[in-house]
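Peer 1: So TrEMBL has the following annotated:
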DOMAIN    A:20-459  domain 'Amidase'
ACT_SITE  A:K73  active site, charge relay system
ACT_SITE  A:S148  active site, charge relay system
ACT_SITE  A:S172  active site, acyl-ester intermediate
Amino acid sequence: MYKTFNEIKAALEKGRSVQDILQSYLENIKERKDLNAFLEVFENSAKEQAIAVDEKIKNGTAGRLAGMVIGIKDNLCYKGHKVSAASKILEGFESIYTSTVVERLIAEDAIIIGRLNCDEFAMGASNENSAYGPVRNALNEDYVPGGSSGGTASAVAAQLCTVALGSDTGGSIRQPASFTGTIGLKPTYGRVSRYGLIAYASSFDQIGPIANNVEDIALVTEIIAGGDEFDGTASSKEVPSLTPTPLKQKMKIAYIKETLDTDGVDPEIKERIEQLVNCLRADGHELIPVSFAYIEQMVPTYYVLTTAEASSNLSRFDGVHFGYRSNEAKGVEETYIKSRTEGFGDEVKRRIMAGTFVLSQGYYDAYYTKAQKVRRLIQDRTNEILAQNDFILLPTTPSTAFELNSVKDPIQMYLQDIYTVQANLAGNPAISLPIGKHSNGLPFGLQLIGKHFGEKELLDTSAYLMDFC
Amino acid sequence: MVSEEVKATYEAVIGLEVHAQMLTKTKAYSSDANEYGARPNTNISAITLGHPGTLPKMNKKTIEYAIKLGLALNCEIAENQHFDRKNYYYPDLPKGYQITQDKTPICANGFIDLKMEDGTVKHVGITRIHMEEDTGKSIHDVDVYDSLVDLNRAGTPLLEIVTEPDMRSGDEAYVYLTEIRQLVRYLEICDGNMEEGNLRCDANVSVRKKGSKEFGRRVEVKNMNSMRNVQRAINFEIDRHIEAIENGEEIAQETRSFDAVNLRTISMRTKEDANDYRFFPEPDLQPLHVSQDQIDAIRAEMPVLPKALFEKYTKELKLSEYDANNIISTKPFAEYFEELIKYTKNYKSASNWMNGEVRSYLNQRGATIEEFPIQPGKLAELIELIDNGLVSNSVAGQKLFPVLLEQPNESPKKIAEELNLIQDSDEDSISAVIKEVIKQHPAEAERYKNGEKQLVGFFMGQVMKASGGKADPKSANKLMRQLLEEN
């Protein structure tokens, strides 16, 4: 079992081959098949890669990720491999190109071991919306792993791969990380190219890693980040070395009072955060309580804007050019209706309907335009706090993981995102760190939001907190 | 039928929407080749196909082209703009939306002054110009069972040019399109070929009583694949509207299609079928910022436009409007002329040659000026031979020009000498020829003396024939009259 890349490097030093390491991961995957974390294991291509990387190691030409075994969420394209966004509408669809992130990982000799289950089109907070069955939490199989990157989180927690890529539109990396005791980073919007990520909401989506230590998060982020001619929204800002280094000075951290002074948050989570605040103060850091007036508006704003974008992004799944086409349909109109009706799951349909509604003539201003304005207010307030503080500290989730099939009300499920959507609305980087263990035996995360493109400081502080706590 | 007098009490209100395919090497949002006539579905990458995970990749050339046209049409160029998505389902629209500019067109508030045939100037406002992408092509008449889709055209960059409802007749619309076509060709941003579909036009037509401030019910006409058909379709619509109004019928607000076979319009869809396109800002493309420096740089590189050339030719070179229009008809033709007048100051003659011999040579061969073998310098030498009285205009046209076409690198003067075409202005030798001719035609000489002065033409013909065309017509004419009188 290899929990971190350091362990793999040590094994390689001792003469183990990448093929051996891959084999042990493949065996783990078989053993934990009931997690339903992998939708497909790319056994053949991974083995071919491993042989090639072993050869490179021998020749001294191996890249920085030689020996690392990476799983990718099933919404990332990899040429010649199937990709389905956990939806029936892309059943059997094979990508004809490779996403920028996967290309960059492979260029550094990472092994791509397979595609990981998730909520359909990354829409969900429990990974129960997959057309291919729910993912189970690696720490307790009666519980959900969170979503939408549930397969990603559970696979890392169960050590079915060293690191896995997820995508985070409103918390889809951080919330599952919180539920599975792993670390999950959502980079700054524009830090990582989205080319090859099946879009849910383009102005929110960001690819990021889940791993078992901060070093692995840092290394993978450093490699996948940076400008890309195929993504006009990706920043060409230089990517610094992200390897965590010790803090040079005491920090100033804001924590949002409203996230703690509420019945909505589990008392043990609240208590842990308060304890941490006191510890940090005692260590000489400044911890500043701030107020954030828009907490209640965040989830509605998020859902108006993301569903609007999703309703358009998902138009291409029409049964005409690729993916699932209804056998029943006659004529083009019926092909659209039947293919989409049969191909999409309930949650996806719900969001397409909502998004279509908020963009409709006569409703656009009341919903879409208004939500854009509120988004701007949330951005401004977040930046204002971060102009005076290094980070914002808040819970990742209001509770620990819940049992499978226990949350039935969509609104209740949407409220899972209450503390995570802020970073997506404002575009800031945010990380979930496993700093708590609940009396119910499940882990929970603490969230740190950093300044735009402040991944380096965010990761340095994360490493510090992981040791400190 | 409505009488012409009744018709004259109405006026039409016409606005045009022109789509011009940009002549960029690659598509608007991908590196796929932008070319006409390739085998179906060959210029298609994952981006053009709208595959999951793909994103638009901005072709910056399109911005430059849009600004060029905006400047040529006296528009304001927007400093800040963004792209929008227009959402609708159609098999030739693989993403399910078209990337366009809805709220923030790159150019706005421009105008064009049309020169009408009767010499009047028609001012047409340009509401806006925006960038967008073309769809693929749906083909319904090739396969018996299925409709086919060719996505080569999908993602081709387009400029949509929208006018104010300023035009009043099909003729004005025709002139507008002629000038827009000429402009995009001068700017080299579009082929301007309506038959091939790289320039397309939709017309919004309504009719109202003259003097009325309110607009009549508006109809949109599509599928007119030539400028003449735009003119015809509009004129048909105007008559149809007037007749309906006169008969007390209501005009439906609808989209109509031009039937080029029967030269009429037919209903396509009514307003009730109208789509809600759910426009919203395209989140996959950064908002666009155009700086004043960028605009200035493009302005500095703008070619001379036909309007400026027309002014120069009519005012400075004193050419007729007709001649000037012919010269500026296409950019390469005007460029040849510009080159030619570097070598000769006889502008009138240069223009006559261009619009005469040169054009008929090109027309006969269906060739363009780029394929014309004679360099401007050589043609100027030929003009100079005429100006210096060394060859007559007709000899130059009929004998020298054809040989020069065969030997374009030869000096015209040398050819004229070799072919013995240098004209004779020596009075003695011309007199001898004339005397001989008079001797041979005594009857005609007698009639001339009796007052049939028009017979001078007959004698001139005989003299030119006898001299092999070399006699200088001016001297010959003078001597002829003298000798006939003296005879």
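Keep in mind that glycine also has a Cβ here, set from the backbone N, Cα and C atoms.
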Peer 1: By the DSSP assignment reduced to helix, strand and coil, which category contains A:K73 (active site, charge relay system)?
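Peer 2: Its secondary structure by DSSP: strand.
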Peer 1: Work out how many Å separate the residue listed as 'active site, acyl-ester intermediate' and A:K73 (active site, charge relay system) at their Cα atoms, rounded off.
Peer 2: 11
Peer 1: Including all protein chains displayed, how many Cβ atoms other than that of A:S148 (active site, charge relay system) lie within 10 Å of its Cβ?
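Peer 2: Neighbour count, Cβ to Cβ under the 10 Å cut-off: 36.
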Peer 1: Roughly how many Å separate the Cα of A:S148 (active site, charge relay system) from that of A:K73 (active site, charge relay system), to the nearest whole number?
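Peer 2: That separation, Cα to Cα, works out to 9 Å.
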Peer 1: Measuring CB to CB from A:K73 (active site, charge relay system), give everything in the same chain under 8 Å that is also at least six residues away in sequence.
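Peer 2: Correct list: A:R115, A:L116, A:C118, A:A122, A:S149, A:G151, A:T152, A:A164, A:L165, A:G166, A:S167.
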Peer 1: Taking the Cβ of the residue listed as 'active site, acyl-ester intermediate' as the centre, count every other Cβ atom within 10 Å, in any protein chain shown.
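Peer 2: The residue listed as 'active site, acyl-ester intermediate' is surrounded by 37 other Cβ atoms within 10 Å.
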Peer 1: Which whole-number mean pLDDT does the model give the domain 'Amidase' (A:20-459)?
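Peer 2: So the average pLDDT across the domain 'Amidase' (A:20-459) works out to 97.
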